[in-house]
Amino acid sequence: MEAKESRPQGFPELKNDTFLRAAWGEETDYTPVWCMRQAGRYLPEFRETRAAQDFFSTCRSPEACCELTLQPLRRFPLDAAIIFSDILVVPQALGMEVTMVPGKGPSFPEPLREERDLERLRDPATVASELGYVFQAITLTRQQLAGRVPLIGFAGAPWTLMTYMVEGGGSSTMSQAKRWLYQRPQASHQLLRILTDALVPYLVGQVAAGAQALQLFESHAGHLGPQLFSKFALPYIRDVSKRVKAGLQEAGLAPVPMIIFAKDGHFALEELAQAGYEVVGLDWTVAPEKARERVGKTVTLQGNLDPCALYASEEEIGKLVQQMLNDFGPQRYIANLGHGLYPDMDPEHVGAFVDAVHKHSRLLRQN
């Protein structure tokens, strides 16, 4: 079904739809697997490609993004590709300056400090037209993949994007962003609405360009407790999925599965399972069997091996994967890590993880 439906531009036919079938809740012969940050600095070829230009110049080069997206697939039999890009291209498209400082991470020289700073932001309706380079990268990559596996598009969720725009970069406390929530709730909602209005056409545009699934990253969910999350994050997470689905229908595009990954958002698992996403991503702090009890059979779960488990021996990785697969069960499940791969990880161990998922999930189905 899916392979034919999501070929808006006569792309090559999909040969491996295991990831999409699992996302839709259909039965699969084995458990599909991909890794967050699978296109990353742990690969020497990634570091080599990236050395040619600065980070955001790389993001703006469809050819470079395509090459980086395909690199892990040349090494490992992954069941999905995720486009190489960054969640901060959206604040950039809204007119904010963002630089990537080597060894430090993203930096906003002029973060949002006052309510009136919101006036500096561009009209969110123009954002998708500013991000044509992402759409070009997706189309090129989808063609180059030649139907090998599906291509995932992504974006950051409104609260997570807001934290960067207010904090001016990464933060261990998010105290400036949370100060906004407590001191300027109206302005906070205004900013979150602007971001939602920017994200919807951006995500619809990714599907129009060839993305076959979408993941929304609420990476900073854990900085909010249940109350703040249900007030300032969840309504926008819901709104994104509802409006993207409506936007796809309006554009005459087939529906694609959507994944919500709210890191450290275990306190809102039930709500996330009912937020309009086909897949809920889990970090490693959540016990799989407990998560399954809490969300029921209505959604697919994705995750959630501790990325640091890949520092273990290949034999130990196999045992940990086996345990994880037993805990999640064979169906309505996509294997992944509970967060992205770290730069100092051994590619051989990433391969061991992928192979172990395929091997043990097949054995699990035989028994």
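Here the Cβ of each residue, glycine as well, is placed from N, Cα and C on the backbone.
According to Swiss-Prot:
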MOD_RES   Met1  N-acetylmethionine
BINDING   Arg37, Ala39, Arg41, Asp86, Tyr164, Ser219, His339  coproporphyrinogen III binding site
BINDING   Arg37, Ala39, Arg41, Arg50, Asp86, Tyr164, Ser219, His339  coproporphyrinogen I binding site
SITE      Asp86  site 'Transition state stabilizer'
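Features per Swiss-Prot, on structure.
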residue : record                              : Cβ neighbours (10 Å)
Arg37   : coproporphyrinogen III binding site : 19
Ala39   : coproporphyrinogen III binding site : 24
Arg41   : coproporphyrinogen III binding site : 14
Arg50   : coproporphyrinogen I binding site   : 18
Asp86   : coproporphyrinogen III binding site : 18
Tyr164  : coproporphyrinogen III binding site : 28
Ser219  : coproporphyrinogen III binding site : 22
His339  : coproporphyrinogen III binding site : 22
In whole Å, how far is Arg50 (coproporphyrinogen I binding site) from Asp86 (coproporphyrinogen III binding site) when you measure between their Cα atoms?
14
Just report the maximum Cα pair distance in Å for the recorded coproporphyrinogen III binders Arg37, Ala39, Arg41, Asp86, Tyr164, Ser219, His339, no decimals.
22
Tell me, which binding-site residues from Ala39, Arg41, His339 are within 10 Å of Arg50 (coproporphyrinogen I binding site) if we use the C-alpha atoms?
Arg41
